[in-house]
Structures are given as structure tokens and as C-alpha cells.
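> Annotation comment: Swiss-Prot describes Cys11, Cys14, Cys21, Cys28 as Zn(2+) 1 binding site, evidence class experimental evidence. What Swiss-Prot records for Cys11, Cys28, Cys31, Cys38 is Zn(2+) 2 binding site, and it gives experimental evidence as the kind of evidence. Summarising the annotation, Swiss-Prot assigns DNA-binding region to 11-38 and lists sequence analysis as the type of evidence. Annotated phosphotyrosine per Swiss-Prot: Tyr694, in sequence order. Sequence annotations record features per position, and here Swiss-Prot assigns phosphoserine to Ser696, Ser699, Ser703, Ser712. Residues or ranges marked as region 'Disordered' by Swiss-Prot: 723-743. Summarising the annotation, Swiss-Prot assigns motif '9aaTAD' to 862-870.
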Amino acid sequence: MKLLSSIEQACDICRLKKLKCSKEKPKCAKCLKNNWECRYSPKTKRSPLTRAHLTEVESRLERLEQLFLLIFPREDLDMILKMDSLQDIKALLTGLFVQDNVNKDAVTDRLASVETDMPLTLRQHRISATSSSEESSNKGQRQLTVSIDSAAHHDNSTIPLDFMPRDALHGFDWSEEDDMSDGLPFLKTDPNNNGFFGDGSLLCILRSIGFKPENYTNSNVNRLPTMITDRYTLASRSTTSRLLQSYLNNFHPYCPIVHSPTLMMLYNNQIEIASKDQWQILFNCILAIGAWCIEGESTDIDVFYYQNAKSHLTSKVFESGSIILVTALHLLSRYTQWRQKTNTSYNFHSFSIRMAISLGLNRDLPSSFSDSSILEQRRRIWWSVYSWEIQLSLLYGRSIQLSQNTISFPSSVDDVQRTTTGPTIYHGIIETARLLQVFTKIYELDKTVTAEKSPICAKKCLMICNEIEEVSRQAPKFLQMDISTTALTNLLKEHPWLSFTRFELKWKQLSLIIYVLRDFFTNFTQKKSQLEQDQNDHQSYEVKRCSIMLSDAAQRTVMSVSSYMDNHNVTPYFAWNCSYYLFNAVLVPIKTLLSNSKSNAENNETAQLLQQINTVLMLLKKLATFKIQTCEKYIQVLEEVCAPFLLSQCAIPLPHISYNNSNGSAIKNIVGSATIAQYPTLPEENVNNISVKYVSPGSVGPSPVPLKSGASFSDLVKLLSNRPPSRNSPVTIPRSTPSHRSVTPFLGQQQQLQSLVPLTPSALFGGANFNQSGNIADSSLSFTFTNSSNGPNLITTQTNSQALSQPIASSNVHDNFMNNEITASKIDDGNNSKPLSPGWTDQTAYNAFGITTGMFNTTTMDDVYNYLFDDEDTPPNPKKE
């Protein structure tokens, strides 16, 4: 241990026991010998109790009170000082500052006059405080900071030179007119005619890792031939009812911006339509989303409805405003985001949020207003639009345009119910809005405070990440990951949509942590001078903690997405979200891998990073089977950037598919330095004809040793104790620990059973029979589906009646999900197969195929006899002569 001269006094234990301290780090000699906790408290500095010192403190306090009254002339200082939490004081004063000082020029003039009237000593104190930016950042959690820029969310940063197009005026122009375009703008690192993507965007990150767009090749998902594109067929009642059912089943539970009872009454012509153009925009957008949620991008049926919706976007539409238009424009923004029209999505969202503000949706109605249904509809629409604003701004690296919210969060109670203690489809948007609102308060405000002079310090990053995790801990119990398996299983049987909501909230939380820490390390690398890099011990420790937390958040994201894919049926909507969060997370190990290659880091860490990258590649290739073009593009980017490492000797080979000749099934394996256990996956429907069993990184255990490697009894005991379990033995947890840092396994999740409505051309227009049930996700609606054994149609309609039944209040919406059994996949062994446990959960899948807990649990006397007396396979004992 090294003696540190900076330690001024003995450790706490030595001072308490009156012992001579060696003043060593991390432990002094006495504490090390007696196994005591060694802690060095800072030396207490006591102020002198003199009249001169008290007079100086009183004068400083008086000037501070005068400054407070000049900035907040209408506030009661005594009332504010009675508040216990410093964070509450900061939030209150920041909100007051925004309300009182909307005009920045007026605020600047006021502060300039305040500075002129300041005494000379106070101005000198302000200058000294500015010069010591590092000290002020360390004391940021104890001091109250009010900033003009932070309050107004003003962004003073300029566009970097490498982001500039050739033409500074017209070079940012963009065009996304082609509805079948294969280009993804944030994968085009060329800044010309691509729009602006700022710091923190995926395009900026791709530039930093050296992605070259000239090596990128466009690739289309194999589209099924659209046999019939007759507009009358696609506009028929039977077709639109199926697509409407798909929207309400596959998308509405996760974005309940549409009031489904009103939607059904409009669809059934039970209420009058105020504007046919506005209704056609909304209705066709819903049909486009419903078609996309069934077949992804394998057909262009959804494009037909999208083009039909655009045809109604006339000049009259933008000369009016309504709730229907706000909802329709928001859904168009969501849809075009999936269809790789990022700038178009941003434009639709801009129209939507500005129109929502013009309708006053960002403010609550008077307390005397008694209709709670209307109040809740307004809140749901606003918070859906607000959450999308934050997500797009972070994704594209563009400024957040909203600075304040005076409207309450929506209620989690359905319109049919009065009170509820269980989950509803509105819990997702409530917790997402709460998470993003807290994030913008604690990160965006603090980020602009330190702007260009000093980046956010490591301590503040850790505080922000802790605040983000604290929000998730305040969520309802059924949305947290530490809920009991039994309780969660019962909830998922009644509410099958809840599983994806829980996972998506976790992914959003981890993506925000990645965003904060990634931005910190970008500034830390670019703006830190050599003098600032010579930090003290606790600063470097906090930077290391940030690095560990960043890699841990990325790894937890990959593990969580893998866990979800292993235990749930995946739809195109789920696949798109999984691929986005996977790609965002894998950029962290890629950046680390490139940094280590420049600094000649250890091969062990490189192998672990490559293993994680290959795991993501494997998952993306599985997601690509769900007809999502974005997955193919992500795979190309990863393979192009990591090609030098994947082809090197230390790289882990990419997943390959080996076919079993007996049954034609495909099994994917990863070959690497560490053995990765396989565990079964739930059968996927409507994906392909090959049953794929792929390796998951969730379980890492010892590789099984050969059954016969010696002839002694001790060797027999050793081998039998390590023998892999038979199919009749229970699945146990591997006794070895992974070589990399372990991640807390995710708790049990039942398979999420989705009521999908296939929309292939054969299914729509004849030639296929399907057995599907049809329930709408909304609690007050139900569709009646009938199966025809002799006809090709999924829905049998009457000539003189509507295809959809009238809305009916139902206490149980998902009765068809209650009777479904979760079946595990089978392990193929020649011609014999035996199913595993019928109730797979995330935890059992995570710990699958471990070694047996006992020594002879799966051993029979035949095994012992064959081991001892089978001379054909048993080699002679080398010690025996």
C-alpha cells in the first residue's frame, strides 16, 4: 500500500480508539490487521466565532435575499425556506422562473440591471464562482441552480463542421416521397440532403464508430406477391374489419390515443361524421397500422391505405384543427417511423403537437367540469403526443420544444369502470410520460446549465441515472421486475398485453441511462484538457462507475430483449421495437471495442465484447424473419463496422445453422471460448416453416465432459457428478458463473399470446384456412368471428348486415387467452422427442439445461456396468500395468 500525503488526519477508527494510524489507502495497518472498516473523514473546518466573521456572514445573507427578491419579486422567501427537499425548491423556482421570464431578452436586461446594482464584492464572488466550474459541479447536489438557458430549454450549440453539407443553405433539404423507399436516413452518414441529426442521434454515433455509407447496400425484404390490389376489395367491409381488429389487438393496448368506443360508433355509422376528410385520414391510417402489424413489410397493403390517407391531406385540413386530426397526425408519425421516413415522421408529429397546443390539450379543464371521460381523453392524447416528442428529439438529436406541462397525468381507470386496482392499457402511457418528464427535468435542465464551459460531471451523471431508476421503483408492482412469478402469471392470463408493456418500460429506462452516459463520455473525451484529466481519486472512481454502468445497461438491454423473444410470440410491432433497442445497446460494446483496439487492450475483454456483438447479430437475424427491413439494415451496419474483428482469430464466429436430417429442424449454435447453454424457445407461428432453436446468452455453464475418460472409481465418481442431466431430471441452475459480469435474471414471464389475423394475399382472397379467434383489446368492444371449413374467408358476413357487431360491454375481454396452454419446444433426439415443462417462464428458460444437483440422480446400474465393463469404448487405465 502507498502512503498518501494528502490524508490530513487518522482514520475514524484510529481516532476513536486513540491508535497511531499509518494513513494508508485503502486501509491503514491497524484496520487491515483487525479487519475493521477504514474510513477517512474530512477534517472538520470550524468557522471562527468572532464578531467580524458573523458580520460578514450576515451581510452576505442579506445580499442573497435581495438578489432572490429581485428575481422572484412575488414569492415569499420564508415559505420557500420551510420546504424540506432541495429538489422541490429547485423544481418550484425553475417553474416560476419559466412563467415569469418567457422573454429571454427581458430576462437578460433584468439580470444585467441586477448585476449593475450589485456591490463590487458580490460581482467578484460571482466571477470566482464561474472560474471554479469543477467545484461548483461537485457541489451541484447541494446548491440551487437557476439558469435562463435551462429554464427555457435553449440550445446555444452550433452545428459541428462534420455535420455540415456542401451547401449551407439548401444542403439540409430532404425528400422522402417514395413510399417504397429502402433508405434509412440516420444510416446515411453523408450530411447532404438528409436533414439535420444532432448530438446523441444514431447518425452521430455511427459517424463516431467509423461507419462508411459507401459500403452500405440497400436490401429489400422479400415481398409476397400481391395477387389482388383492387381498391374495392381492400376497402370492403370484411377486409377493413380484420384490419381494425388487428389494430385494436396489436397496437392499441400500447398506444391508447384513440377512444375505441367512439371509433367503433364512427365505423358503424352510429354517430355523424363532422368532417369526412379528417375521418378518412384517421381511418385509413388505422387500417395501414393494422395491416403492418400483421405482415410487416412483406406486402404493400399497408402502403395502399397510407397513400389513401395522404390523398385526403388537402389544404382545407391544415386550415382547421380537431381532436381527430391530432390523433390521425400522431398515428401517421408512428407509421412513417416504421416505414423508414424519419423526417416525414418528425413533420407529422410537429403538426400534431402544434395543433394539440392550439386546442388547449396541454392544460387541464376547470375543476368544476364534471365529465371525467372527456377529461381523461384529453389527457391521454396530450401525454401520448408529449412522450413521442421527447423520444423523437432524443432519437434525432434535435431540441426539445416543450418546456412545461400544467396538465395532470391520465387516470388508469377504464371508461366502463369506476375504480380499479389491476392493470389497464393506460398504465403504459402513464409510466412512460412520468419517466420522460422526470428525465427532461433532471437532465435537459442540468445539461444546458454547464453548456460549453464544463460538461456534466460524473457525479451528476450517476445522480441522473439513480433518479431514472427511482422512477421505475415507484411504478405499480405489476410493472416492476421483482414481482412474484405466481402473481405475474395470473395477471398475464387476464391481461396478456401486460408483458410487453413491462418489458418496454424497462427498455426505455435503460435507453435513457445509455443516452446520459454516452453523452457524458463523448464530452469527457472531446472537451477534457490534459489538466482536467489529472483528477483526484474519487473523481476517477466515479468515471469508472459511469463506464461500468454504461456497459451494464447495454448488457441488461440485450439480455432483456433476448428473454422476451424466447418466451413470447413476436409480431412485427414487437420485432421493430426489439430491433431498435438491440441496435442502440450494441453500439456501446462496439464503441468500446474500437477504443480497445487503439489502446491494445486485453484479448479477454475483446472476446467478451465480440460475444455480445454476435449475440445481438443472432437476435437481429431472428427478428429479420418478421419482415422488418430495419433489421436487415442493422445487421449490415454491424457486420461492416465489426468486419476486421469478426474475421480475426480472436473473434467469435457468427451463428450458423445446422440441419437435422431426421426432422429437418434447424439449430443455431454459437462457437466461442465460453460454452453457452441452449434452452428451448416457444413455437413461433406464421414466421417460416423451419423450427429454429437458437442459443441465448442467458445461461453460461460448464461444457459437459465425455462420459468415459478413465477406469478408476474416483474418475467414475468425478465423471458421473458432472454428467449432463437426462430429460427426466429437473432443470437446475448452472453451478458455474459466467466469465463476464453477471446480470440479474429477469423474473418469470408467461408467453404473451396475441390474437393475430393473418393478412397474406392467400388468406385475404382465398386458398388458406386459419383458425383464429377475434377479440378486441378494448374492454367495451367485441368482434364475432366464425370459422368456415369449406370457404377461404376468415370472417363470414351477411349480405344485409354489418360485418362487425355493435359495441358490447364485456367484463372479460380476453377469454380466448385464458384457455390457451403454453407449450414448450421439444428436444429432438433421433426419432424420439419428449416435451419439457408445460409452463415455461423467463427464469426457467434463463437457467435451462444446467447440470444435475445430485451425484447419482440420473445414473442407473446399467450406466455403471457399461462404464466398467465396456472395453470397446473404455480406454485402459494408464496407471495399470
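Each Cβ is built from the backbone N, Cα and C atoms, and glycine gets one as well.
Each of the listed features needs to be described in terms of its position in the shown structure.
Here Cys28 (Zn(2+) 1 binding site) comes close to Ala10, Cys11, Cys14, Cys21, Ser22, Cys38: these same-chain residues lie at least six apart in sequence, with C-beta atoms under 8 angstroms from its C-beta. Under the DSSP three-state reduction, Cys28 (Zn(2+) 1 binding site) is assigned to coil, being neither helix nor strand.
Close to Cys31 (Zn(2+) 2 binding site) in the fold, though at least 6 residues off in sequence, lie Cys11, Ile13, Cys14, Glu37, Cys38, each with a CB less than 8 Å from its CB.
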> Let me spell it out: for each of the binding-site residues (Cys11, Cys14, Cys21, Cys38), count the other Cβ atoms within 10 Å of that residue's Cβ, using every protein chain shown. Which one has the most?
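It comes out as Cys11.
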> Can you tell me the mean pLDDT for the DNA-binding region (11-38)?
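The predicted confidence over the DNA-binding region (11-38), as a mean pLDDT, is 90.
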> Where does Cys21 (Zn(2+) 1 binding site) sit in DSSP terms: helix, strand, or coil?
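Cys21 (Zn(2+) 1 binding site) sits in coil per DSSP, no helix or strand.
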> With H, G and I counted as helix, E and B as strand and the rest as coil, say where DSSP puts Cys38 (Zn(2+) 2 binding site).
coil
